[in-house]
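J.: A single structure is presented below for examination.
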Amino acid sequence: MDASVVRFSQSPARVPPEFEPDMEKIKRRLLKYGVDPTPKILNNLRKKEIQKHNRRTKRETESEAEVYTEAQKQSMEEEARFQTLRREYKQFTRSISGKRGGDVGLMVGNPWEGIERVKLKELVSGVRREEVSAGELKKENLKELKKILEKDLRWVLDDDVDVEEFDLDKEFDPAKRWRNEGEAVRVLVDRLSGREINEKHWKFVRMMNQSGLQFTEDQMLKIVDRLGRKQSWKQASAVVHWVYSDKKRKHLRSRFVYTKLLSVLGFARRPQEALQIFNQMLGDRQLYPDMAAYHCIAVTLGQAGLLKELLKVIERMRQKPTKLTKNLRQKNWDPVLEPDLVVYNAILNACVPTLQWKAVSWVFVELRKNGLRPNGATYGLAMEVMLESGKFDRVHDFFRKMKSSGEAPKAITYKVLVRALWREGKIEEAVEAVRDMEQKGVIGTGSVYYELACCLCNNGRWCDAMLEVGRMKRLENCRPLEITFTGLIAASLNGGHVDDCMAIFQYMKDKCDPNIGTANMMLKVYGRNDMFSEAKELFEEIVSRKETHLVPNEYTYSFMLEASARSLQWEYFEHVYQTMVLSGYQMDQTKHASMLIEASRAGKWSLLEHAFDAVLEDGEIPHPLFFTELLCHATAKGDFQRAITLINTVALASFQISEEEWTDLFEEHQDWLTQDNLHKLSDHLIECDYVSEPTVSNLSKSLKSRCGSSSSSAQPLLAVDVTTQSQGEKPEEDLLLQDTTMEDDNSANGEAWEFTETELETLGLEELEIDDDEESSDSDSLSVYDILKEWEESSKKE
């Protein structure tokens, strides 16, 4: 054998790391074939993979015992020496970059590059800024430049780029240039929760792709959980749908991720969306729900009161999967489950808003059949169902059963008991129940003492209620005093104790500062008890102080408008309405439509016109009272063109006005609607574009019956003379008040009577002067923007 040929069978100097199989890959393989990856199965597969690897390594080692030449041996030694030097260089670089403080600078560039290239990199990367140009580049200038760029380029950066604060005192660390997995998840969650977008938006797709995540099961659980904590359930649903809709990631779908999404939707009180996700899980073998998923959907439906849907879920829980289920490969797979105590408690929770008190007995029978023992929550929910259904005797029965079964009553149980005694009128028994709770060592909660305090205030014992408030203050995690006192004032108002409301309000000022909720409640108290001066004083104080805890909201203006309307203070009503609109709030049609109608009949027609235009500009349908009142006003003025426009609008509305309602409306306004105007309205009704609509046909029938039953020569007390021109011309809009006497010829010609200023003010009309200019018009024709402009100018003058 040649001497230059030697046998080289030694192993390399570097010991290979111990082999560790990829457990995530094993899990995905098991889920793909429908096997539940339990810890025992995973451990056995891990051992087998290690044994397989060891056998393969042994075979490769035996086969590598070959003959190498001197040149090959020298080449391998040089490669080993290079790897050693490379490892030492990495360790040295890591130790240098890890140092902080001192004069240790950052090594930039490569040793073989020129010094000019290194300096250029220093300028570009911002290293050693203080040494550049003798310190002319300062940190303050960089911060100022940052603010200028953010201000000028906000239209580019807004809702697109995350601008994070960077500490200029810290050195730039190349080792931390790229975020790790946790940082990438945090940034993605912050960006998604900061904007309302769905999976179809291009920014959403770009955010997901730029995150650099693989969207494994662990990463998806973290993302969905953190989005749920930020109350971003829409974004959580979008992430799950986008990730698992991709064909490359379909095999990565996880039941646990969908279960986490169910819990997020339940926490956000979105039962319909949760039900859709649950039905999607039922249609796929890979996502088929387990007991944890059934718990999530049951609790969500129970809190929403969807009893029928919850019972359907329980039926599906006991049935085998249908043949339409995807990925159904194992024939002997049987995921049938039986409801447990959590599911039955969810049924009781759903019975509370639906008042299904008979279902309580069925639940206890089912528990007995399945060998389940009711716990404290079961008895407490049963008591609450009976309380809301008015079965107070059964509330006490379940309380006794709870104590006899050995379950210790909790504070929430005593809260239900106190409320039941309150509704029964047993005030002393409610106080004794709370004292009994304290004697038994049950740690009370703020809700128990708050419930008892409201009970006492509702029955005129506010001084005793203050003692319960003192006990509540000593507890942890109790509600703030401002909210507590607001609830006590509301309880006293519901009990009819107005003096107690004011006494509690004065007592509250010594303990804490009233917030806007308390002020709104006092405005409600003053407004509903004819105390306009007190309400006005409090409202002026709220508006003038401009403090953070007393910022007027929509309820503030609403209660003040109600107080002004109840006291017939229409001038101040107009002032409050103007202030509300200038503050950016709009009137609630459902609550204040009747008040606007009363104000318009008192002479404040501009408010009704503004509210009507504002509602139309918002894209909503005005209240039916707005249409009918404006129609009667236009008919009385003789403005039949506007009347026809209103009729065309109301014909396309979602509501309908019957013939009886039209007739009652004309009878209600017979004092200022002439029979002649009704005749003319009936004649102009032919010009309507939607005559066949039910509302318009009912109006036509009512006008025909009204005009046919009365004489056309009959005139009301106040007649408005409207001179109509030929067809196609605009009718006169000025009210002609002429100096006439009560003669028959003037009455026949349709001329108006003359009234004094006091009589006109009483009738709710404004005296208008005759203007020869044809372009002049009264204030009712102003647009919503003109009215707002006048209000702003008047407020500036004040």
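Glycine residues also receive a Cβ, built from the backbone N, Cα and C atoms like all the rest.
Below are the features I grabbed from Swiss-Prot:
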type   : residues : note
REGION : 1-21     : region 'Disordered'
REGION : 50-73    : region 'Disordered'
REPEAT : 254-284  : repeat 'PPR 1'
REPEAT : 290-324  : repeat 'PPR 2'
REPEAT : 340-374  : repeat 'PPR 3'
REPEAT : 375-409  : repeat 'PPR 4'
REPEAT : 410-444  : repeat 'PPR 5'
REPEAT : 445-480  : repeat 'PPR 6'
REPEAT : 481-511  : repeat 'PPR 7'
REPEAT : 515-545  : repeat 'PPR 8'
REPEAT : 553-587  : repeat 'PPR 9'
REPEAT : 588-622  : repeat 'PPR 10'
J.: Going by DSSP assignments with H, G and I as helix and E and B as strand, what are the residue counts for the repeat 'PPR 5' (410-444)?
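T.: Split into helix, strand and coil, the repeat 'PPR 5' (410-444) gives 27 helix, 0 strand, 8 coil.
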J.: Would you report the average pLDDT that the model assigns to the repeat 'PPR 10' (588-622)?
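T.: A mean pLDDT of 86 is what the predicted model shows over the repeat 'PPR 10' (588-622).
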J.: Below 8 angstroms Cβ to Cβ, which residues of this chain, lying six or more residues outside the repeat 'PPR 9' (553-587), approach it?
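T.: Beyond its ends, the repeat 'PPR 9' (553-587) has Cβ neighbours at 516, 519-520, 523-524, 526-528, 530-532, 535-536, 539, 542-543, 595-596, 598-599, 602-604, 607, 610-611, 614-615, 618, 788, 791-792, 794-795.
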J.: Mind tallying the repeat 'PPR 1' (254-284) by DSSP state, helix then strand then coil?
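T.: Helix, strand and coil residues of the repeat 'PPR 1' (254-284) number 25 helix, 1 strand, 5 coil.
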